[in-house]
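Asker: Have a look at this one before I ask anything.
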Amino acid sequence: MLRLTCFTPSFSRACCPLFAMMLKVPSVHLHHPRFSPFRFYHTSLLVKGTRDRRLILVERSRHLCTLPLAAAKQSAASPSENLSRKAKKKAIQQSPEALLKQKLDMCSKKGDVLEALRLYDEARRNGVQLSQYHYNVLLYVCSLAEAATESSPNPGLSRGFDIFKQMIVDKVVPNEATFTNGARLAVAKDDPEMAFDMVKQMKAFGIQPRLRSYGPALFGFCRKGDADKAYEVDAHMVESEVVPEEPELAALLKVSMDTKNADKVYKTLQRLRDLVRQVSKSTFDMIEEWFKSEVATKTGVKKWDVKKIRDAVVSGGGGWHGQGWLGTGKWNVKRTEMDENGVCKCCKEKLVCIDINPVETETFAASLTRLACEREVKANFNQFQEWLERHGPFDAVIDGANMGLVNQRSFSFFQLNNTVQRCQQISPSKRLPLVILHKSRVNGGPATYPKNRALLEKWKNAGALYATPPGSNDDWYWLYAAVSCKCLLVTNDEMRDHLFQLLGNSFFPRWKEKHQVRISVTREDGLKLNMPPPYSIVIQESEDGTWHVPMSVEDDLQTSRQWLCAKRSKTP
């Protein structure tokens, strides 16, 4: 049962009619995308905060129509109809609502709580209609405030709760951002329980929580050392199909260590292996602290079923078994490195290369096609797919734009051709790799030079060049080609921007690790292909219970990667 807070008036007998009515709405209607219980209370809410709504406000402020005037529209056009599009746009931008939005955005950027509250009070005095956006920015700015003390009172927190109440009174429909900012307010007041209540209430409004929605409650409970409540929030996340990231898992790891819950530490390490793979320095240090702790020394079994462990490793694809802590006694914990073959320089154990399920690859290719068709001109991408079926498969796909610019001030066809030749040399079929280039690079600039034009014609005649159409993002093309051909992808692109985040953290990092080839160019060695490592750079758990944890680095070509090796001093 939810606690009765200022954010849960619907659970009080003295609640406002708005929330009381919502409890009577059948669930089949409550979650319908077109149903909104607020319509019966505020007919203009359907366009509240939208461009249409702002137009309505401008027109009402300029022309207070009556029925007779409206009936006379046939004989004379209203002044608003004579306004140019530019004038209408200017009127919208200068409306009280738009000006308030601009000023609140500036307060949000600067974290200026006092100015935001002053603007809010002024807007209410002047009768400015606040939209969902206005309220969300106000709540966000108030949530930035730190907890008040006797010597330093903070008006942002107390006023934030009042603003939330006023939003409900004004019958403004809340969204995910509203509840998330409310949760942040609660945590700023040192009340993670209230923050968790906010997340629970989202379902009553048909709102799907996001990862950021859970952060205030989860981190709040972890800071307080309330492990049970933190696990409850985590379970709610799993139920809502919200996937945690490293900060959330690190917080759960810390609270599990502090409460000496070895089973939870083990499960969290497995989740870090699955979802994060390589950990940041702070998490790396925390894991090192665990293996050096007395609790870790005393945790584990002396005997285990070797066949069961081995079968679990095989069924999991290699690199882990998930059967719990193996062995007893003190851990030998060292920071180390791997050699080029994946052999630990500390314990001499060779790390494994974790398999990729072929079914996963096919599913990923289908997902990639769907995403590309949503963001590219579908006909263009389908045309590329048909071309690839006729000319493929290839042993390697080259991100031409990236390869021509590595360590170069301007695009270099010489370097791109050098990359093509190196890839052809290592190809089992000795076939030319597929070069993906934007049409602008194929038709203009250095491409017009006779030598480069001849090179492009050679690739084109061999069916090894594809020019992506104007306005397209060539990233979709070279990535799809490499995935569908199950071949190497030659690019120094780290693939971390928004486009690649759409692909998720489950399969794509594993695929990239096994298929991406990067180049390095030096005066001494010239151009060198850096092949995928023969082992997986991911947290690994051996059949004897030994752990190897990799630290994430920006560029492991330039910086050697540190690993944590944790092995029992005594083995059965």
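Along the chain as shown, residues are numbered 1 onward.
Just so you know, glycine gets a Cβ as well, placed from its N, Cα and C.
What Swiss-Prot shows for this protein is this:
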type	residues	note
BINDING	ASP399, ASP474	Mn(2+) 1 binding site
BINDING	ASP475, ASP493	Mn(2+) 2 binding site
DOMAIN	338-565	domain 'PRORP'
REPEAT	96-130	repeat 'PPR 1'
REPEAT	136-174	repeat 'PPR 2'
REPEAT	175-209	repeat 'PPR 3'
REPEAT	210-244	repeat 'PPR 4'
TRANSIT	1-70	transit peptide
Asker: Applying a 10 Å Cβ distance cut-off over all chains shown, what neighbour count does ASP399 (Mn(2+) 1 binding site) have?
Answerer: 26
Asker: According to DSSP, how is the repeat 'PPR 1' (96-130) divided among helix, strand and coil residues?
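Answerer: When I sort the residues of the repeat 'PPR 1' (96-130) into the three classes, I find 28 helix, 0 strand, 7 coil.
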Asker: Where does ASP399 (Mn(2+) 1 binding site) sit by DSSP, helix, strand or coil?
Answerer: strand
Asker: Cα distance, ASP475 (Mn(2+) 2 binding site) to ASP399 (Mn(2+) 1 binding site), nearest Å?
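Answerer: Answer for this pair: 8 Å between alpha carbons.
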Asker: State the Cα to Cα distance, in Å, between ASP493 (Mn(2+) 2 binding site) and ASP474 (Mn(2+) 1 binding site), rounded to an integer.
Answerer: 12
Asker: Restricting to the chain of ASP475 (Mn(2+) 2 binding site) and a gap of 6 or more, list residues whose Cβ falls under 8 Å of its Cβ, or answer none.
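Answerer: For ASP475 (Mn(2+) 2 binding site), the qualifying residues are ASP399, ASP493, LEU499, PHE500.
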Asker: Cβ-Cβ under 8 Å from ASP474 (Mn(2+) 1 binding site), same chain, 6 or more residues apart: which ones?
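Answerer: Same-chain residues close to ASP474 (Mn(2+) 1 binding site) (Cβ under 8 Å, separated by 6 or more) are ASP399, GLY400, ALA401, ILE436, LEU437, HIS438, THR468.
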Asker: Quick one: DSSP breakdown of the repeat 'PPR 4' (210-244) into helix, strand and coil?
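Answerer: Computed counts for the repeat 'PPR 4' (210-244) are 27 helix, 0 strand, 8 coil.
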Asker: State the count of C-beta atoms found within 10 angstroms of the C-beta of ASP493 (Mn(2+) 2 binding site), not counting that atom itself.
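Answerer: Around the Cβ of ASP493 (Mn(2+) 2 binding site), 18 other Cβ atoms lie within 10 Å.
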Asker: Provide the three-state DSSP residue tally for the repeat 'PPR 3' (175-209): helix first, then strand, then coil.
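Answerer: Counting residues per DSSP class in the repeat 'PPR 3' (175-209), I get 27 helix, 0 strand, 8 coil.
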